[in-house]
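Lifted from TrEMBL, the feature list:
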DOMAIN    9-210  domain 'YjeF N-terminal'
BINDING   58-62, 125-131, 136, 154, 321, 371, 436  (6S)-NADPHX binding site
BINDING   59, 121, 157  K(+) binding site
DOMAIN    220-495  domain 'YjeF C-terminal'
BINDING   406, 407, 408, 409, 410, 435  AMP binding site
Ligand SMILES: NC(=O)C1=CN([C@@H]2O[C@H](COP(=O)(O)OP(=O)(O)OC[C@H]3O[C@@H](n4cnc5c(N)ncnc54)[C@H](O)[C@@H]3O)[C@@H](O)[C@H]2O)[C@@H](O)CC1
Ligand SMILES: Nc1ncnc2c1ncn2[C@@H]1O[C@H](COP(=O)(O)OP(=O)(O)O)[C@@H](O)[C@H]1O
Ligand SMILES: [K+]
């Protein structure tokens, strides 16, 4: 799904008004009716009074229309207009007559509310143009300190739709965004303050967005479904890719097993594993589908094993559990020189690359999957999650590689400067080996012939979805990396139908 910046959302509204030959008031009515239906499905208990806090722009206009619809639906509704200056939007002024009466505040003074009552926040929408000050700031600080549930129309008032907010904004319990979610819903800076968000279509003109160039995307079910291929009945394992996984070192076998199983569960045809020979028998007992082909990293000095296997494979993943031992450093050096295949680099491969400043040697269109610390070792420290994403995009363009910055709301950046936000996954996945599962999934899709971007999208989304199913079964405290693998089959089957 394309994610639009606020100026693009504004243009989309105007284009719809023009294209569908409607007034901006018609569009506001549509938005109000969509919000009111959504609200009633969530808060059906009509014994709680609803307090609608309206500002002076079109978000406030939505508030008046919604108050009227909810009153007609049988809710007890109180409306307040906060008129801190004289800059009303036309639709706001004309919509004030939708409600029988409202209280007007030219200066904010606190007033009592019952704890069980609900607050609808219609103070400011996507027209925000700077940090909240003065009376707005007092009002929002008061709202945030109340125990009442707050439900925001379109966006929490004061929140910047495109980037972290410099200042205060409403801490919403629920938000219903019109047409598409806002980019800022996916920024970790906002995660603690926007508990539940959803979006509903208000039937903006789809033609406008089809042709629109955007730099930000949300990875959603439809996108993943459109990428995941159906198999033909006559295909065989040779059609599903041959992958090579290089990882593990004395004491670190787990990553090899987790990545191997995850790779096979994502539909890989054949897997060759290069890992220390002492582990070959354990690998066979845990993942008999894999072939152990090399003794790593002991006998890589002449790279015979590596090249023999590499010549025949469709994709390679390197790094998990490799350690930073001398032999591993040499192995990565040789790999960067010799490898000609699509590649996924993770964990110790990235640590070795950072330490030796080999970033420019990473092959074009490779995929790297650092978590925050690995990312900062590679590219330097950043003072916020948002600035880290900006650097991620810059480095993807500069090095011509795909970067997966792992964490809550994993982002994928592509060499063309675009950024894909993921919204699957949960805090239970912060557990040893969870990243190794992702590496195996990436390897699998890359070897099956998906492009590097398709590979990143599929693996990141499915990894998070499998993690969500695992958290549903085991809870986010008990969840371990193997549980994610347990749910890969069902999440793929749910999407692909097979
Ligand atoms: N026709 C349309 O364009 C539609 C707009 N809709 C609603 O309209 C909203 C956008 O409306 P507007 O563009 O009028 O924007 P707002 O309702 O956010 O109001 C913006 C106005 O608030 C003031 N303002 C901005 N930043 C401020 C700050 N930091 N402190 C104090 N005042 C500030 C400015 O006077 C600005 O013009 C959307 O969020 C959505 O709720 C929906 O009704 C759908 C249709
Ligand atoms: N709070 C979170 N919300 C969603 N996903 C998370 C969260 N914490 C971690 N993850 C995911 O779990 C995985 C952890 O990977 P990583 O840090 O490399 O672990 P390891 O190195 O132990 O395998 C990543 O895919 C990351 O996106
Ligand atoms: K709002």
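Positions of Cβ are set from backbone N, Cα and C atoms, glycine also.
Where TrEMBL records a feature, it is marked here on the structure.
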residue: 59; record: K(+) binding site; Cβ within 10 Å: 26
residue: 61; record: (6S)-NADPHX binding site; Cβ within 10 Å: 31
residue: 121; record: K(+) binding site; Cβ within 10 Å: 31
residue: 129; record: (6S)-NADPHX binding site; Cβ within 10 Å: 7
residue: 136; record: (6S)-NADPHX binding site; Cβ within 10 Å: 21
residue: 157; record: K(+) binding site; Cβ within 10 Å: 27
residue: 371; record: (6S)-NADPHX binding site; Cβ within 10 Å: 18
residue: 406; record: AMP binding site; Cβ within 10 Å: 23
residue: 408; record: AMP binding site; Cβ within 10 Å: 16
residue: 410; record: AMP binding site; Cβ within 10 Å: 25
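When the binding-site residues 58, 121, 126, 136 are compared by Cα distance to residue 406 (AMP binding site), the shortest distance belongs to 126. Applying an 8 A CB threshold to same-chain residues 6+ apart, the list for residue 126 ((6S)-NADPHX binding site) reads 6, 9, 10, 59, 154, 155, 161, 182.
Proximity of the binding-site residues 136, 371, 409, 410, 435 to ligand 1, judged by a Cβ distance under 6 angstroms to any of its atoms, singles out 136 in sequence order. Proximity of the binding-site residues 59, 157, 371, 406, 410 to ligand 3, judged by a Cβ distance under 6 angstroms to any of its atoms, singles out 59, 157 in sequence order. Residue 407 (AMP binding site) counts 17 other C-beta atoms within 10 Å of its own C-beta, drawing on all protein chains shown. Sequence-distant contacts (6 or more apart, same chain, Cβ under 8 Å) of residue 435 (AMP binding site) comprise 320, 346, 347, 369, 371, 406.
The record gives 406, 407, 408, 409, 410, 435 for AMP. Within 8 Å of the mean position of their Cβ atoms, the other Cβ atoms in that chain belong to 371, 405, 411, 422, 425. In the three-state DSSP scheme, residue 129 ((6S)-NADPHX binding site) falls into the coil class. What surrounds the K(+) site, by Cβ distance within 8 Å of the Cβ centroid and not counting 59, 121, 157, is the set 53, 55, 60, 63, 122, 123, 124, 125, 152, 153, 154, 155, 156, 158, 170 from the same chain. Residues from the binding-site residues list (59, 126, 129, 136, 157, 409) with a C-beta closer than 6 Å to any atom of ligand 2: none.
Counting only the Cα atoms, the space from residue 129 ((6S)-NADPHX binding site) to residue 157 (K(+) binding site) is about 11 angstrom.
Secondary structure from DSSP puts residue 121 (K(+) binding site) in a beta strand. For residue 410 (AMP binding site), the nearest neighbour among the listed binding-site residues (58, 61, 136, 157), judged by C-alpha distance, is 157. The closest partner of residue 408 (AMP binding site) among the binding-site residues, by CA position, is 121; the full candidate set was 61, 121, 136.
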